[in-house]
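What Swiss-Prot annotates here:
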BINDING   GLN87, GLY105, GLU106, GLY107, LYS108, THR109, ASP516  ATP binding site
BINDING   CYS901, CYS903, CYS912, HIS913  Zn(2+) binding site
Amino acid sequence: MATNFLTKIFGSRNDRLLKQYRKTVARINAMEPDYEKLSDEALRGKTQEFKDRIAQGESLDALLPEAFAVVREGSKRIMKMRHFDVQLVGGMALHYGKIAEMRTGEGKTLTATLPVYLNALSGQGVHVVTVNDYLAGRDAQWMGRLYNFLGLTVGINLPQMPREEKQAAYQADITYGTNNEYGFDYLRDNMVYDARERVQRGLNYAIVDEVDSILIDEARTPLIISGQAEDHTALYVAMNKVVPLLVRQEGEADPRTGEGVTKPGDFTLDEKTHQVFLTEQGHENAERILASQGLIPEGASLYDPANITLVHHLYAALRANHLYHRDQHYVVQNGEIVIVDEFTGRLMAGRRWSEGLHQAVEAKEGVNIQAENQTLASITFQNYFRLYNKLSGMTGTADTEAYEFQEIYGLETVVIPPNRPSKRDDQLDRVYKTTREKYEAAIADIRECHERGQPVLVGTTSIENSEIIDELLNKAGLPHQVLNAKQHAREADIVAQAGRPGMITIATNMAGRGTDIVLGGNVEKAIAALEADESLSEAERAARVQELRAQWKLDHEKVTALGGLRIIATERHESRRIDNQLRGRSGRQGDPGSSRFYLSLDDQLMRIFAGDRVKAIMDRLKMPDGEAIEAGIVTRSIESAQRKVEARNFDIRKQLLEYDDVANDQRKVIYQQRNEILDAPDLGVLIDAMRDDCLADVVRQYVPAESVEEQWDLAGLEKALANDWQVSLALQKEVEGSDAITDEEILEKVQQAAREAFLAKVGQVGAENFTQFERMVLLQSFDTNWRDHLSALDYLRQGIHLRGYAQKQPKQEYKREAFELFRQLIDQVKNEVTRLMMTVQVQSSAQLDEATQAMEDRGEGISNVTYSSPTETGEVETVADAATAAQPAAAGVRVGRNDPCPCGSGKKYKQCHGKLA
């Protein structure tokens, strides 16, 4: 109450920001007459003038009014479009690192040119992020004319582009691309074995178009690059033999009394969640059995960090044998396990269960076990976009998620007022008892609109619902178009014409997004086709264009008189924001329009959250079949249900981020170390530090710190140094011939002897030649151990929730154990690198070059690379990299780094698809 009172007096934070921005708008408008007088050359010259002023220390904020005035003037000349005042306000919000909420049709693409130009002047690059390749290409081409006129370069970053083209795109002042491709490029840059193969040049400033879709809807699915992992075939077979030796417990133990178990056993099953859990007795038995088979040392625990993968394999084997049944969950066909869809009963050829379950089922059935794919690199959008020095975004609907943007990304949302007030009539929802009644009412409304010539856009939440409406409209004999967010370029053309008289268009939420629906249809494409037709004379062309414009004017006036575009939806999405996006497709820039949602008690959202309340109202009113309830209380109940779902989804995303932040901190350390290794001209200091650390650990096993001579095992130390590290030292003789020698002096002698042995080795081939070998050894060790670490974190994450039963905080336990695993990773890298450096025998520089090349080939020679990323429709898409696909064994073909790439580009493999590995 007090907050509302204060807001009325002082205005909201949004009002105060807009007031502040409008003062700057007045300054920009005052400059317009002067800039109009400039020649094209003088206007373009402003860009260099601004760059010089930045070089002399002037800030981008100080340049903003002049830079915005230049862009507006350039747009008037090149695009024949003048930025509205509200677009200048939106541009300021974007420049200051905020999210600009601008309604559909308010010209977000043109608004973005203002902050993009201003920030590109710094020379550090600007990334414009779109939801699909079509929009990236369209906007780069469309707005590129303006940037090029003003003297800036524009690049476009697309999937499967050769490395040289990607590097050129990132070197441009402004780069357009999709969120997935930017993320994958970042991951691939941190997998290269040559610094020259990196494509990105730093993450300076990003403007994310449809920011809600990218940073919220797709944030639950990480970007993952996978490849063929280490072969664990023998382990799957061994674990399959352990399972029959474990007995299932019958009955569930009461947590307070421990009663309820009718037959004690080693594991319990939860068939609802398809999970299996070992009992205390089961842990002991499993450890005993695994020790007897030599899989773990005697007396070792199943949950020792070293055995973490064994736990994963044991659980996979138990699930495969007790929860997944032949001819119910899968069938065996041609020696392969084929999954059966539990809902449709169809065979899902080519699909595989993850987390080693598929391999465990293969071991159970005795068929050929196919190698497991391993995560090579992964990152969530939350953590990728937080790497930018400055981030901003724009969308038609951000205000409902303003809290999440602030909480997760530190981004404030500014609601930009429309250029003209909206005339759209958002009608109350109509709720029917059954799905059949709902669809009948929706079809009747569509028919009515079609008969009077009013265009209709039917919005659905899924492809399945689109197909139902499609079938019903076919039966009703109503002509229509269906869009499912699959073919972006074609769908953009169809959506652009969705405002023509009598048009019926069915679209899922994402289909055709980013394209305006103009009342009367979009005539510009037809005009562009005429202007490109060289067979027409100038007079014919002009006459045809005039005809088209006259026809469009008639159509536009007709549709406007009929009430504009009608939006009909057959289901509420679980997010209010998605519903608002659908409504926002109508009533653009002050056009008329209307929207209505047709719902039923059978809809998922209604059934789970709001159904009982609405059903009670219907029963009280004794409503007959076919009658709908249409009341504010119902609409409010539904919106309340949506708020509950949004809150739940926010909690899921926040929890995902809290867990991923642990991996993210570690990822930053590994990637920073990796980049330093790639860029360092000399790696001697790093190698020396690793060797000293490693040998200190070895010495302390035999000569404890601050110990006396009687506690030392010098014979054991001499033997270990000679056998494992090839360091020969007569320590016992030295101690005998010395009056007093300390443990620190022993350590120094060992480290000095190792340093001399190593330098002698380097001296044989020269330090310069040895550096590249050191680089490959370090990179390969970091990469191999990092991949294993990612798998270990996955396994740890899967079972960490069980710590809650032991009255422990799962998140804290995860952080603690993940840190311990990371410490082990660093120790393992030190050991591996030092051992290899000390034991390698170098005869000549040619031999060393050969070894270096072999290591680089092995490091980059990952097979079956795949890229997993979220799609606009909410699914996860996995794309295989053709160049790294596994070859049939009989073929025996291995692509060398300098061989022609198998994709047929004519480039060397290492310069084409080889870099993707």
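Backbone N, Cα and C atoms are what each Cβ position is placed from, and that goes for glycine too.
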Among GLN87, THR109, which are binding-site residues, the residue with the most C-beta atoms within 10 angstroms of its C-beta: GLN87
Binding-site residues listed as GLU106, ASP516, least Cβ neighbours within 10 Å: ASP516
GLY105 (ATP binding site) CB neighbourhood, other CB atoms within 10 A: 22
Farthest-apart CA atoms of GLN87, GLY105, GLU106, GLY107, LYS108, THR109, ASP516, residues recorded for ATP, distance in Å: 16
Residues that sit under 8 angstroms from GLY107 (ATP binding site) by C-beta distance, when 6+ apart in the chain: MET81, HIS83, PHE84, GLN87
Cβ-Cβ neighbours of LYS108 (ATP binding site) (radius 10 Å): 23
Near-site residues: ATP, ref GLN87, GLY105, GLU106, GLY107, LYS108, THR109, ASP516, CB cutoff 8 A to centroid: MET102, THR104, LEU110, THR111
Structural state of GLN87 (ATP binding site), classified by DSSP into three states: helix
